[in-house]
Every structure is written in C-alpha cells, then in structure tokens.
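Lifted from TrEMBL, the feature list:
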DOMAIN    120-418  domain 'SAM-dependent MTase RsmB/NOP-type'
BINDING   ASP260, ASP301  S-adenosyl-L-methionine binding site
ACT_SITE  CYS354  active site, nucleophile
Amino acid sequence: MSITNSRLYAFKTLKRIIYQGAYLHLVTKYVNLSGRDRAFFKLIVNLVLKSGYKLFEKLSKEKLSKSEIIALMMVFVELKLLRKERYVVFSQYKTLPEKDFSEKRFLKALTKFENEKSLIKNDISLPNFIVDQIINSKLDISGFTRNFISTPLTGFFILSRTEKTLDLLKSLSGKLYPGKIFKNYYYTESFSEVLEILPQDSYIVISESSMLSVLLLNPKPGEKIIEVGASPGGKSVFLEYILKDYKDKLNRLKKIISVDISKNRISALKKTCEKYNLKLISPTLYTEKTVFDVSDKILIDAPCSGLSTLGSKPDIIFHLKESDIKLLAKKQEDILNFYKDFIKVKGKLVYSVCTFTEMEGKIQIEKFLHKNKNFKTFEGVLSSKYINQDIIIKNGMLDIDWVALSLEPFFICCLEKVDE
Ligand SMILES: C[S@@+](CC[C@H](N)C(=O)[O-])C[C@H]1O[C@@H](n2cnc3c(N)ncnc32)[C@H](O)[C@@H]1O
C-alpha cells in the first residue's frame, strides 16, 4: 500500500513547518487537495503540531532523520488520537519516498516507541517554558488547553447591514453562533461554506479579542490617531468602521496614520485598504525619517510571542524559543518609549499583544509606568453600542474572564497621559 496524497502532503508540510520555520497558515493555504483529503490533511497537521511536542523532544535525541521523526509523530497521532489500525498505519508510512528515510530504521523506532503513545497528548503538548508562562500568567491552565485542542470556532464581524446581507444571515442562521462580546459577530463550524455566500467586503475575519483593543481606544471624529503595527489591517478595518458610523460627523473625520515597519506587510495593509475601500487609513512605512504629529490617541498592536493564538496557529509551539520572549519584550519596550512622546496631554495610549506572558504584558506596562510618571492607567466603564454588555476597565484592563468565555486571552491595556 502506498502513502496517500493527503498523508504525503501533511508529511511535507510538517517538515517545512517544523524544520524550516514555515508558517502553518501560509503553507496550508495553497494545498491542492479537495474534499475528504483536504480535511484529513488539515486534521493530521493540526494534531501533530498540537499534540506531538514531547514526542518530538524525545525523538530528536535519537539517531533518526528529520523525515523519520515527522513520520513517527504522524504514526503515533494516527494510532492514539485517530485510533487507526496498526497494520494500516505502519504499511502506509514505511513507503515514504524520501532520500533520508530508511524503512528499516523507521520500523525499529516504531517498535521501540510504540509503548510511549502517551507522549502524544490528548489536549496539547507544550515545551516546558510555555507551560511556565501559562502558570505565571495565572490563567486557568486546564480551561486554556481545553479551548486550544478543540477545533477553533472561526469568527467574523459583519460590516454591512444592508437588507441583502441581513437576509443572507437569516438564511444561514442555523449554522451561526452569536459573538460572546460583540453584536453582529458570529462563529461558525462551516466557515468556508458560510463565507462563500456572503459578499466579500461585507464581513471581516477577526477575533473578538482583536476588536476589543480598538473599542477600548474609542476613536472619535476629529481626533488625530496613530495606529502602530497596523499590518495586515484587521484592526484598521474596524477603526474605520467605527469612525464612519458617526454619520452626522463625517466631515470631521481625519486620516489615521497606520504605521508598520515591514515593507511586505505594508503591501498587505494596502491590499486590505483596497478590498474594503478604506479611505481614512493611511498606510505608512516606518523609516528613521518618518515624522509624527502629536496625536489624541495611539493604538500599539505590538509584535509579540502570539501565544494566545495557539489554537489557530499551533506552529508557534515549534517556532518560538524561550529567548524570543525577552527579545520581543525589548522591542515592545522600545516601541512604547518611542511613541509615548506623540501623545498629547489627556490623550490615550492602548497597548495590545496577542499573548499572555507577564514580560510582554503586565510587567511591560508596570515598567513603563514606573519610568513615565506622567502616564496613568485608565479606569472606567466601556459602554458601546457594538457590545452586548458594558465592561469594567480596572487598572487599564478589561475585566473579562477570557478563558471562561473561550476568548483568546490578549493583554490589552489603556493608559492616559496626564502631564507633559
Ligand atoms: C500583531 S502584528 C499587527 C496586526 C495588525 N494590527 C492587525 O490587526 O491586522 C504586529 C505588527 O507590528 C509590526 N512592527 C514590528 N515592529 C514595529 C515597529 N518598530 N514599528 C511599527 N511596526 C512594527 C510588524 O511588522 C507587524 O505587522
């Protein structure tokens, strides 16, 4: 029996992700499989990435090739999580047509590790340093891992309230679950099917956690706003949406300076602007010569370890190194220090990262406030027509039980400049 297309694709994809640092969402985007093959391909890639880290650590200490290690992880996932027949799985993988693959060594390793199936986790298998980060952040670890191993429910926000879109939504209602925080936000298990029916510019695929930082910024017509780390522009779309919703003040709207440091990512932001016909967003590539006006509000969506998005990006488990967290925290500190001078007194700064490490969140902001006594955390209530319920803001942060709501636990903090 020879290896099937979906297994071979999954094998090659995993090899690229784990050994060459490729990104899961980019590699899987253009996979040329359809129907059940595609579904199996996605399932096995995700399961290996989410469940296989401990086995990977163990196999990496053996005299095995990269191909053999990937094949072994796939075999154990098929045996343990997918409960496949032993002889079917063995016969599939021993035919792998790879130069660095020895059938003899592979079968020997299979026998040696067969009783260690438990190294493949039913929930999620993480490097110790990530587990430590979860413990330090005081997130409910079992709730957190439970959320991540289940297939991520994918969500989107409806931008258009035309009769046509509303009718389409009504026709899809059996397939949609409501947002946990936002109105006009939906989750679905039939993602591609649902989105195929809706007009392309009538929705945006974005997480509710991402939208919250924009809501906390509370953009208003007439304000000068800078958006830092703007690409590819998910938050830009929601920013412009809120501003354009002030129908009687459209003449007061000002351009938003949406900055990013990466040329490629600025191109992606420009594409987003075209797709959604954004008129207020001004994509700005940061160079040493870029000058900024002192502004009313700044949203910093900083580069980060991304650990809160593990559910949809399990490749992070294999890409992130412990030392990266420190490097990222330093980058974030530099960004905060640079942009703090472009906020006017009584202006607001919202700092957001899609991770939960203390170094990138709580400690980062404590350090900032210690050095900058002219800033304080914003306290109040977030009240908005876009959300189902008011949210209390304590110490600059939204008082939400992220894990209980199955929301990606972002660190979002709002600061006010009180003095020059
Ligand atoms: C989390 S992503 C932004 C996601 C985006 N806000 C969205 O909602 O689609 C962080 C971005 O920060 C950018 N970045 C990194 N360092 C930066 C810097 N010093 N100044 C501006 N942007 C930076 C990265 O290129 C990346 O696009």
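All positions are counted from 1 along the displayed chain.
Cβ atoms here come from the backbone N, Cα and C positions, even for glycine.
TrEMBL annotations: computationally assigned, not manually curated.
On a predicted model such as this, the values are computed, not experimentally measured, just so you know.
Feature map: annotations from TrEMBL on the structure.
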| residue | record | DSSP class |
| --- | --- | --- |
| ASP260 | S-adenosyl-L-methionine binding site | strand |
| ASP301 | S-adenosyl-L-methionine binding site | strand |
| CYS354 | active site, nucleophile | coil |
What is the Cβ neighbour count of ASP260 (S-adenosyl-L-methionine binding site) at a 10 Å cut-off, with all protein chains included?
24
Just how many other Cβ atoms lie inside 10 Å of the Cβ on ASP301 (S-adenosyl-L-methionine binding site)?
25
Cα distance (Å, whole number) from the residue listed as 'active site, nucleophile' to ASP301 (S-adenosyl-L-methionine binding site):
9
Cα-Cα separation of ASP260 (S-adenosyl-L-methionine binding site) and the residue listed as 'active site, nucleophile', in Å?
17
Chain-internal residues near CYS354 (active site, nucleophile), provided their CB is under 8 angstroms and they sit 6+ positions away:
SER209, SER210, CYS304, GLY306, LEU307, SER308, THR309, GLU408, PHE410
Which value does the mean pLDDT take for the domain 'SAM-dependent MTase RsmB/NOP-type' (120-418) in this predicted structure?
94
